[in-house]
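*Asks:* Here it is, the structure in full.
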Amino acid sequence: MTKKLFIKTWGCQMNEYDSQKMADLLDSTHGYQVADTAEEADIILLNTCSIREKAQEKVFHQLGRWKNLKQDKPELIIGVGGCVASQEGQVIRQRAPFVDLVFGPQTLHRLPEMINQIKGGSSSVIDISFPEIEKFDRLPEPKAEGPTAFVSIMEGCSKYCTFCVVPYTRGEEVSRPVDDVLLEVAQLAEQGVREVNLLGQNVNAFRGPHHDGAICTFAELLEMVASIDGIDRIRYTTSHPVEFTDDIIDAYATIPELVDHLHLPVQSGSDRVLNLMKRGHTAIEYKSKIRKLRKIRPNLSMSSDFIIGFPGETDDDFEATMDLIQAMDFDLSFSFIYSARPGTPAADLPDDVSETTKKERLQLLQNRITQQALRIARNMIDSEQRVLVEGPSKKNPMELSGRTENNRVVNFEGTPDMIGGFVDVKITDVFANSLRGDVLRKEADMNLRINVAPQAILAKQTNKTDALGVAQFVPAH
């Protein structure tokens, strides 16, 4: 009988990536197949997030729902992972003693051993240590599910913004070796992946070691990923403005695989609030970076993160944020009302902005973003957009759906052979969360890929011999 695994995931794309790795790992080591519901599972894992308010209580409410499953099936294994597990540790077992496993983001690779310990008679296993990058050495080959895929290139953050728990739950910045990242991308490309999304809590701070010990910057990594055959689009998240350096901006001029979309969290448009948050930059510095980038990519679309009602935020501070939103012309935001995270420096500040004011400001901000997004979408009508076809439309399974470079969902009539490839679409209509279009051409008509025999490539190269008589390969320009 097939053993079943159910994973419930809360939080960021890194958590989604981690959950997929857990599933792949337990499939390869124990043969567990993913279940659709917790009721049919032999193992239940909750991958948690500590960013939102009352994250801990949300975890215990969910565990309470699963308690009866454990009573009905005593051999059921229940595990809690992610950032809340890293924060709470032993407290989870104290409040929910029926939980078998507690593991942090950096120890998910040890799940097979933990499960074996429970099956061997251990009452519980708790491992919330920070073994840095070890987890990537123990994970199986990636499995592609469609033409897009996430690839984690680093873990943790060393910025210590005053509101953020990430350095305490995922540790400080640790970058994966370059060769490991490139191998994972190449393996995904072999399985038909056309777009990769490079992940990290502070992804553009990547400083990955080469096999010879030299350090690779994020801009250099982008160039190498773009050179992998089959990869036609590159996205990345989440970035920090301080690490969004000129070499990354310049990469947009030379790497066409980098999409015309950037998510760059700013949190506030007020220098005073940015200083309280310990963000390390001003609003004008943020604007300057984006203006440089838009000189290279005039059609760039922008999204960002905002915290509303940070301690001490005045009406003037909020207006500065609204001015920044208008100046940068953001068309998407992830905006949250501030709530203190236990253990962070900001938790010691007086939370002096009323809930009513926070909600009013949040509504104003979201309305501004929505208006800008609708205007930008309407300007796309009659334009031609290249769309990566991801599969059937969620709204109408008889249609197909995909994304433009600027991250807009487009629904259109098409044929199954288009899935996994590119189509050029004329945008005909705009809806609240999507666009509609008509297919103009398929990938076969785009000349995206030109197959050239190795002999033809070599024939174009020039070989130069140095003073020692050693031939040096020099690519032709």
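The backbone N, Cα and C atoms fix where each Cβ goes, glycine too.
Straight out of Swiss-Prot:
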- 3-120: domain 'MTTase N-terminal' (DOMAIN)
- CYS12, CYS49, CYS83: [4Fe-4S] cluster 1 binding site (BINDING)
- 143-375: domain 'Radical SAM core' (DOMAIN)
- CYS157, CYS161, CYS164: [4Fe-4S] cluster 2 binding site (BINDING)
- 378-441: domain 'TRAM' (DOMAIN)
*Asks:* Write out, in the order they occur in the sequence, the residues of the chain not among CYS157, CYS161, CYS164 that have a C-beta within 8 Å of the mean position of the C-beta atoms of the recorded [4Fe-4S] cluster 2 site.
*Replies:* LYS159, TYR160, PHE163, VAL165, VAL166, PRO167, GLN201, ASN202
*Asks:* Using DSSP, break the domain 'TRAM' (378-441) down into helix, strand and coil residues and give each count.
*Replies:* 4 helix, 33 strand, 27 coil
*Asks:* Taking the recorded [4Fe-4S] cluster 1 site as CYS12, CYS49, CYS83, identify the other residues of that chain whose CB atom sits within 8 Å of the mean position of the site's CB atoms, giving them in sequence order.
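*Replies:* Near the [4Fe-4S] cluster 1 site, beyond CYS12, CYS49, CYS83, sit TRP10, GLY11, MET14, ASN15, THR48, SER50, ILE51, GLY82, THR169.
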*Asks:* Could you tell me the mean pLDDT over the domain 'TRAM' (378-441), as a whole number?
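*Replies:* Averaged over the domain 'TRAM' (378-441), the predicted model reaches a pLDDT of 96.
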*Asks:* On the DSSP side of things, how many residues of the domain 'MTTase N-terminal' (3-120) fall into helix, strand and coil, could you say?
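*Replies:* Its residues divide into 64 helix, 22 strand, 32 coil.
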*Asks:* Neighbour count first, Cβ atoms within 10 Å, every protein chain included; then name which of CYS49, CYS157, CYS161 tops the list of binding-site residues.
*Replies:* CYS157
*Asks:* Which residues in the same chain, at least 6 apart in sequence, have a Cβ under 8 Å from the Cβ of CYS83 ([4Fe-4S] cluster 1 binding site)?
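*Replies:* Listed in sequence order: GLY11, THR48, CYS49, SER50, ILE51, ALA55, GLY104, PRO105, VAL165, VAL166, THR169, ARG170.
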*Asks:* Rank the binding-site residues CYS12, CYS164 by the number of other Cβ atoms within 10 Å of each Cβ and report the first-ranked residue.
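*Replies:* That would be CYS164, with the highest Cβ count within 10 Å.
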*Asks:* Taking DSSP as the reference, which of helix, strand or coil describes CYS157 ([4Fe-4S] cluster 2 binding site)?
*Replies:* coil
*Asks:* Give me the Cα-Cα distance between CYS164 ([4Fe-4S] cluster 2 binding site) and CYS12 ([4Fe-4S] cluster 1 binding site), rounded to a whole Å.
*Replies:* 14
